[in-house]
Amino acid sequence: MTHLQACFLNIFKASSLLILLHYPAMVTCECTCEVEDLEHGKGEALKFKLGSILSILVAGAIGVSLPLLGKKIKAFRPENDIFFMIKAFAAGVILATGFIHILPDAFKSLTSPCLSQNLWGRFPFTGFVAMMSAIGTLMVDSFASGFYKRMHFKESKTANNTDEETAEEHEGHVHVHTHATHGHAHVSASPSEDLALSELVRRRIISQVLELGIVVHSIIIGISLGASQSPETIKPLMAALSFHQFFEGLGLGGCITQAQFESASMAMMATFFSLTTPVGIAIGIGISSIYSENKTTALIVEGIFNGASAGILIYMALVDLLASDFMSPRMQSNFRIQLGANVSLLLGAGCMTFMVKWA
């Protein structure tokens with residue numbers, strides 16, 4: 001070995017010794033700093049989570065309550081032209097929520113590299129779940145409507161037969177059952193009354209199924225927000241969810257108003273909607289220490305529920321909220337309402353789509 005090589009070897013040994021002596025201190029220092037930053041981030045994140053509970057609760061409660069106060073606020077009465085435009089805007093928000101926010105999240109969860117690619121990577125489970133939930137919503141819609149119509153038809157037929165028997169027994173004199181004389185009637189409803197009742201039943205089914213889809217999505221997104229430990233993620237999500245909850249509540253409140261439920265039922269449905277996302281956030285806060293978005297179970301559960309709620313919301317927005325109003329004789333015969341509703345739909349969908357930049 002030459003003198004020059006010996007010098008390089010000694011320098012290398014000395015440098016290695018210094019690095020080894022200094023490295024543990026560096027690691028200890030870095031770990032301590034990371035722990036401190038993490039603890040600080042958790043404390044700051046908790047403040048935003050508690051703020052988001054209040055913000056989303058208030059936004060949802062105001063949104064769902066406005067249409068229910070239609071007797072006092074003229075614009076929110078179902079017979080008012082502006083109601084169509086407000087409802088179209090809310091439907092656009094719900095439609096964009098399903099397509100732009102929930103469905104991509106479901107795809108992201110169920111195509112994650114953390115899942116087994118032999119099972120989850122070879123079949124489009126997200127699209128399948130969304131499709132089946134939309135079909136399931138259609139079936140519930142159809143069977144429930146048919147069930148209530150058959151019940152009404154059976155009651156009408158029974159009442160009609162009773163009236164015929166009574167008429168035969170009292171043959172020879174006039175005997176009419178009316179509200180004025182006996183306080184009740186046993187005659188079958190007229191075709192117009194049948195149509196009105198059928199429409200009312202359908203609107204009640206629509207409002208209940210729509211709330212179901214919204215509740216599923218709200219719980220999932222609430223848990224995701226509550227379990228997050230990043231203030232940078234929570235802050236924009238809080239603003240986006242408050243906006244989304246307000247207009248989603250507006251659409252649901254419009255459906256509940258048109259369904260003409262009793263006051264107690266309306267209050268119960270409105271309260272249930274307002275509390276779902278805040279309750280989801282509270283659950284997320286409670287499980288944040290054990291919850292991990294990259295765990296297999298969490299990815300599968302989130303992906304399936306998001307896919308299902310996306311299918312429900314897309315179906316409800318297109319079929320029950322938009323098609324029923326846009327194809328109604330009142331809108332078809334009035335170009336001003338038709339144009340306003342189309343513009344409102346595009347604005348609602350556009351605003352919610354724009355929100356994806358922050359959430």
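Placed from the backbone N, Cα and C atoms, the Cβ positions cover glycine too.
TrEMBL: automatically predicted annotations, no manual curation.
Pulled from TrEMBL, these are the features on record:
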SIGNAL    1-29  signal peptide
TRANSMEM  53-70  transmembrane segment
TRANSMEM  82-103  transmembrane segment
TRANSMEM  123-148  transmembrane segment
TRANSMEM  205-225  transmembrane segment
TRANSMEM  269-291  transmembrane segment
TRANSMEM  303-323  transmembrane segment
TRANSMEM  335-356  transmembrane segment
Contact yes or no, the transmembrane segment (123-148) and the transmembrane segment (53-70), 3+ Cβ pairs under 8 Å, gap 6+: no
Paired segments the transmembrane segment (53-70) and the transmembrane segment (269-291) in contact, 3+ CB pairs under 8 A: yes
